[in-house]
Amino acid sequence: MNAPESLPVEFPVFDNSFAALPEAFYTRLEPHPLPEPYVVGVSTEVADLLGLPAELMNSPQFAEIFAGNRLLPGSEPLAAVYSGHQFGVWAGQLGDGRAHLLGGLRNDQGHWEIQLKGAGRTPYSRGADGRAVLRSSIREFLCSEAMAGLGVPTTRALCVIGADQPVRREEIETAALVARVAPGFVRFGSFEHWASRDRSRELQQLADYVIDTFRPACRDAENPYDALLRDISRRTGELIAHWMAVGFMHGVMNTDNMSILGLTLDYGPFGFMEAFDAGHICNHSDHQGRYTYRNQPHVAQWNLYCLADAFLPLLKHPDISRVAVDETYGDAFAQTFERLMCAKLGLRHALPDDENFIGETFGFLQQHRPDFTLFFRRLSRLSGGLDGEAMAKADAPLRDLFVDRAACDAWLANWRARLAQTPWDDGERQASMLAANPKYVLRNWLAEAAIRKAKLKDYSDVQRLLTCLRRPYDEQPEFDDLAALPPDWASGLEVSCSS
């Protein structure tokens, strides 16, 4: 690996706050070089967030740097250890099996850690090759940035770097890696690891690190660790509410894939809801349907129970740890979900019966299965006060999503009756709804089409999707084709944990 002085431009100096923890928490090691790397896609928004110099972005060495082939100034690469529950079963020790934390950058926009996912074997690889493939790396890159555009808390992605190195999965694919960016990558499973080993000292060291680095306000609480658990519970509730509101399904909500910062983490077999089915399984490795759309709020709460159990040695009143989760998570999820759904439905002010109306709406969607994203986007354009032929003409695009149009008309009548209870200028309401209901989401078929071209070294669709998904609530008529229903060829697409 080349030394930092070989870099073409001055690079912001890294620090690695996680490396200040004892070495039991990680293994220091350098990324394994990726031969002859090349750039597949770059998020200039994330580059700006990091304050990367333009000369570096345009440099031929950029791919070498973010393939892990060049050491960055101040970088102390490491792979972290953690454990976790996978599909509801204790899996024991896991860890960064192919991710290398390069370090962090601090600027006026915050503290940002950069992690290379797919940078080679670590002591936690459990026999795997430590690589990621082009397919999964493009999916994670695009979805990270798409979720940011949607306003959902998420890790970010700076770039995808590819190589022609073959790797074996279900078939031979080519290696790639994604440079992930977040304030931190500590997981629920990071705490479970030490709790499962009765290592209270390390458990407290980790909690202190999280408080001091990310949540200093917790230090002023009567019990800082109880405050931290409640903070994580609240942020997780808000996160899951955002997922549900945009129709996002994570696909593999294991405790090692849950961020203590309330961020969407580890994009694998994810999906966005199309024809609405609350029982949809987006991960074909999820044979029991544990991670369906409807189950996500319950699974997140179960994961928080696992975290609360890990926190027990730190709490003054351990007997109420799960009660704290129930109260904090439950309230945060319910309040955030109601607020987001009221915005999607154009309800100016929440009324006591809105929870029932929202529930009835989801029952209606379940029965008739329109496309989730198109339903709410087209609803956003409807008037609350037209009559007769004018209303029928305005309603036609939404009604076209239904076989049973009489049922659609009946629901629309109920919706308009609810709108009348909190009057709002039609134009203002429509603008508000359009800002709450995206036109564009990263449908699996869109990602698949871009991946197929990328395998032929054509990355134009990766860039086109990235550009579009930065502003998913804007009309962007030049991207109308990306808002279409899935084509026939996409009906058999499946995604799994293989990456």
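Keep in mind that glycine also has a Cβ here, set from the backbone N, Cα and C atoms.
As recorded in Swiss-Prot, the features of this protein are as follows:
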BINDING   Gly95, Gly97, Arg98, Lys117, Asp129, Gly130, Arg180, Arg187, Asp266  ATP binding site
ACT_SITE  Asp256  active site, proton acceptor
BINDING   Asn257, Asp266  Mg(2+) binding site
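Shown on the structure are the features that Swiss-Prot records.
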residue: Gly95; record: ATP binding site; DSSP class: coil
residue: Asp129; record: ATP binding site; DSSP class: coil
residue: Arg180; record: ATP binding site; DSSP class: strand
residue: Asp256; record: active site, proton acceptor; DSSP class: helix
residue: Asp266; record: ATP binding site; DSSP class: coil
Cα distance (Å, whole number) from Asn257 (Mg(2+) binding site) to Asp129 (ATP binding site): 20
If you skip the near sequence neighbours and keep only those at least six away, which residues in the chain come within under 8 angstroms of the residue listed as 'active site, proton acceptor', Cβ to Cβ? Tyr82, Ser83, Gly84, His85, Gln86, Ala91, Leu94, Arg187, Phe188, Gly189
Filter the binding-site residues Gly95, Arg98, Arg180, Asp266 down to those whose C-alpha lies within 10 angstroms of the C-alpha of Asn257 (Mg(2+) binding site); answer none if the list is empty. Asp266
Please give me the CB contact count at 10 A for Arg98 (ATP binding site), counting all chains in the structure. 23
What number of additional C-beta atoms lies within 10 angstroms of the C-beta atom of Gly95 (ATP binding site)? 22
Max pairwise CA distance, angstrom, over record-listed ATP binders Gly95, Gly97, Arg98, Lys117, Asp129, Gly130, Arg180, Arg187, Asp266: 23
Given the binding-site residues Asp129, Asp266, the candidate whose Cβ has the fewest other Cβ atoms within 10 Å is Asp129
Nonlocal residues around Arg180 (ATP binding site), in sequence order (Cβ under 8 Å, 6 or more apart): Ala99, Ile114, Gln115, Leu116, Lys117, Glu140, Ser144, Thr155, Arg156, Ala157, Leu158
